[in-house]
Amino acid sequence: MKRILIVDDAATVRLFHRAILESAGYAVDEAVNGIEALEKALQSTFDLYLVDVNMPKLDGYGFLRELRGSELPQAPAIMISTEAGARDEQLAYAAGANAYLVKPTRPERLLLLVRMLIGEVPA
Amino acid sequence: MPIEFRKNQALFTEVVSVEDAEGLLEWLQKKPGARIDLSACMHLHPANLQVLMAASVAIVAWPADAAFTGWLRSALAAPP
Amino acid sequence: MSPLLEQFLSEARDFLQGIGEKLMQLENAPDDVELMTELFRFVHTLKGNSGLFDFPEMTRVLHAGEDLMDAVRNGRVAYSQQLADRLLDAMDFVGMLCDEIEAEGSIGAAYAADSARLAESLRQLMASAEKAGAVSAIEEAATPLVLTAAAATAPLLAPKVELPLAEIPETARMAAYRSARAGNPLHWLSYSPAEECFFNGDDPFFQARQTPGVVWGGIVARAPWPPLAAMDAYRCLLDFRLLTTAPRAEIDEYYRYMPEQIKLLPVSPLALVLPQGDPNGGPVYEDLVVDALRNLRGGDVSAVARAARAMLELSNPDLWLSSALRWLLLLIECEPDNHPALAALIESLRSLQPVDWYLLEQSATPAVGAGTAAGATEAAAGTASPLAAEEAAALAAIVAAQRAILSLPLGAPWQLGRLRAAGAALAGCLRASGRGEAVHEVETATAQSLACGSAQPLSDWLAHHFAPAAESAAAANHPSASAVATAAARPVATASGGANTASDGDRESSSGRRADDAESDVKFGRRAEDAAAAGVKSVKVDQAKIDRLMNLIGEIVVAKNALPYLAGRAETVFGVRELAREIKAQYAVINRIAEEMQDGIMQIRMMPVSFVFQRFPRLVRDISRKLGKEVNLVLEGEDTEADKNIIEALGDPLVHIVRNSLDHGFELPELRRAAGKPPAGTLTIRATQESDRVVIEIVDDGKGIDPAVIKRKAYEKGLIDETALERISDQEAVNLVFAAGFSTAEVVSDLSGRGVGMDVVRTAIEKVNGAISLESQKGKGTRLRLSLPLSMAVTNVMIVESDAQIFGVPMDCVVETVRVPRADIRSIKKSLTTVLRGRIIPLKSTNALLGLAAPPLANAEDELAVLVVRLGDESVGLLVDDFRETVDIILKPMAGVLAGLPAYSGSALMGDGSVLMVLNIKGLF
């Protein structure tokens, strides 16, 4: 089973994404900020990261930069933001995201991106 | 007492407070056609103003403060 | 309710709470960037959460709040108290919506208007602050075309509203006109105070008089006055109207506590140009008009002015003509280039009709499209495109994103990881699109890129295998993907600027509290270990689940009490003493575990008093400002904990007390200064734990309570008789405020119709077995002390027997138990009394109080059992048949019809399965 780490400080958003991903058969773990996400990434391997931008302690950009700068396996990451602007999207890519989604997330779109990035043949 | 009640005229002085309205109302009820001297009045609580308006009293003297008088005239001046 | 919605509501409330707190903190530290960042994040996240649901009313307000906070965070808008007020209002509204969602599952349509209004008010705040600089620049730069620039930029008369401007004396209108032409905004303000506002101590006339920038003010009655005999002087029926030249923000700030009571309309300065006076028989000034218009066309405005001045000298000043000429001169002075306006005014001399300035401005102002900002409506999501197209679009978007990533300039220390992740993403795309055989190519290209430290090999591979043209075609077919694709295709100019790591305050710290408490508490060693192992994690549990635990532990406590009884039977009935001893030993073990468990559950129910205290900073701030008082609030001991029920029961009484203190305790700053006190009063709310009680003290340094006034009032109300009036001490007098039917408000202020009787507070506190006491020193201040049990779940009762039944009496009430020889009982005026240690104690038969006929039984020595109980400040002896042991019970309140019986406070199950009725001593009498 493919494992996905949701990094978001909002419990509601985590629950929402977890429900979507679990219903599609993914195993989900959660982190409430960038620091906790890094700790989780050190402890176990994930196939994909779903990362919020604005978080306390270490935000999404910070987490991605730390992750990409580390020796950890480099799984793709989707950055989830409330900003639809091209500039924000570029910042996400520069930090190390591989895809960019604007909140509120449409479940089918999220799942499509996840499937593509993880590399699962469509059913 | 910020209101000095005389025979047929009431003299308002300084700041007439909300507590004075009750007494003013009673006095005016007894003295229809009473006249009011506002020349020494700095401010009066609107409860008093309402009583004066309802009693359509005659104002014999207005306050020294022109702006204050402006406010009062709009409420109390007899229609031309 | 779905778990997601539940989660949302619970989290939303936390955020609202956090937002409120941060705003309060910001008030003291408006430049604290970290606070600001945190506050923004709260609002931002809450908005994001609300977007998951269909709550447009909520999202709209939060979105506006987020934008505003963003502007504040970036320094575009300055933080102000007005801003905090509006934001707090908005959050209150969101909280209300949360309640509505919880109760109804959705948000009623009725909230849409409020939502729009609140969002608008937040946006206005932002717009007005941001524009402040820009507008003045425009005003200066614009050349006067038809009307002056100032007149053209403001909406002015936009919707034509008939204002009674003609009622304003000409001199006042001229002053207002001058001020407006000097660049000040001009507003007509009507202020309709609430009818009951006098009872709140408001003086709306004073409020109106002090309005910033007031040029003229008038007062009108809302309705014809009733006959004087039927007049109620204390119902405010006045409307205040005024003309002001203060900036709108200043007016809003000044009337911030009554925004719903004021109406503010912008007024065009020209609208004030209303000549008035005697028309004097008709228009006879044709020559003047013709000459003036010719001069005006020739550009010789000064000639017009000369002619007007000459005419004015010759005319009676009371004429309409004179008034018009005065205005003409003023216009020439202030806006000599506004020829259309001058011409219109000159023309009006012909007809002696006032100029219709509205028409003039409407025809002159170029039509501006009504820029109604379309809400940021998301593109409709339900496009019924085939899945394959969706997939193709997603694929294209991802590939485009990786291309953008690969074209990023190198140099970032995390660039290799970024390359690796891009490779992984592309490999995923290959597999997902059924081209798994090409995955190894990507891996090779990625490895080459990593080896040479350049994105080139990978981007070459990408260019080769995913043709950009195909992508854009796919993307073009799919609108939602196109934005991503085009954005990604753009060359990247900046390396990796922006977005830095925000180091935020530790929001999790509060959840660590429980663990700290447990560790500091030696008695609960086991829990401390658990807490240490679990770190600072906290779990949110539904209240109902904890209540269930409470009930269960209650049953265990009762069930275990059956064991000693069983042991007794084993020994006495069956004669197996060995078994009896084993049962007792086993009982000791179960008892210990049950006690610890009970304690553990109590701990779960414990809440810090901060739960109640947190509302006070805002309450005190709002009320004291409204009353024009200055009050510093000091909160102490917010971490003190007590049972949830106790904490919740504390809320309303505390609010009453604080309100009372603000309303009547504190003096106005001038009075305080006059009394030699600092102008700002101090209100301290302090919580401490004293053994098994939590003590809350509310201390103010206000004017205190005058015992003489209290005595007089109590006497007038028939609460004390004449002898008591002489006899009672000042302290006793002060305590009279707790007597039923005594409203402090009537004492302290003759007018406050809202005074909360302190007896209500006392009753509420006593309901949870609390006590309240008051000390006051006239002129110095008042100290209220509430003492409450830490927990209300377990009650220690003494069991007494009467008429062959057993009853429980709460130990808090019991003073002592004595046996009094029948001979020592006297009968004074039909009441029984006895003397105990020199004090006369009235005696009451419990049977009689409960309506039982049986007389009290005496023992063999002819002594009667007297249970001395506390009843308020007095002691009363209850005659019972016998005393029994004391037990801990879980008191269940009486339910159903029994709940109406004041004699009982509840019932409890005993170990032998019987039911113990617990007496409510106060309810007995």
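Cβ coordinates are placed from backbone N, Cα and C, and glycine is handled just like the others.
Remember, it's a predicted structure, so these values are computed and weren't measured experimentally.
Features of the protein shown, as given by TrEMBL:
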{"type": "COMPBIAS", "residues": "C:494-503", "note": "compositional bias 'Low complexity'"}
{"type": "COMPBIAS", "residues": "C:504-523", "note": "compositional bias 'Basic and acidic residues'"}
{"type": "DOMAIN", "residues": "C:1-104", "note": "domain 'HPt'"}
{"type": "DOMAIN", "residues": "C:589-792", "note": "domain 'Histidine kinase'"}
{"type": "DOMAIN", "residues": "C:794-925", "note": "domain 'CheW-like'"}
{"type": "MOD_RES", "residues": "C:His44", "note": "phosphohistidine"}
{"type": "REGION", "residues": "C:494-523", "note": "region 'Disordered'"}
Practice task
Using DSSP, tally how many residues of the domain 'CheW-like' (C:794-925) sit in helix, strand and coil.
Solution key: 16 helix, 77 strand, 39 coil
Handout entry: Helix, strand and coil totals (DSSP H, G, I; E, B; other) for the domain 'HPt' (C:1-104)
Key = 86 helix, 0 strand, 18 coil
Problem - Cβ neighbour count (within 10 Å, all chains shown) around the residue listed as 'phosphohistidine' - result: 23
Exercise for the section: Take every residue in the domain 'HPt' (C:1-104), average their pLDDT values, and give the whole-number result. Expected result: 85
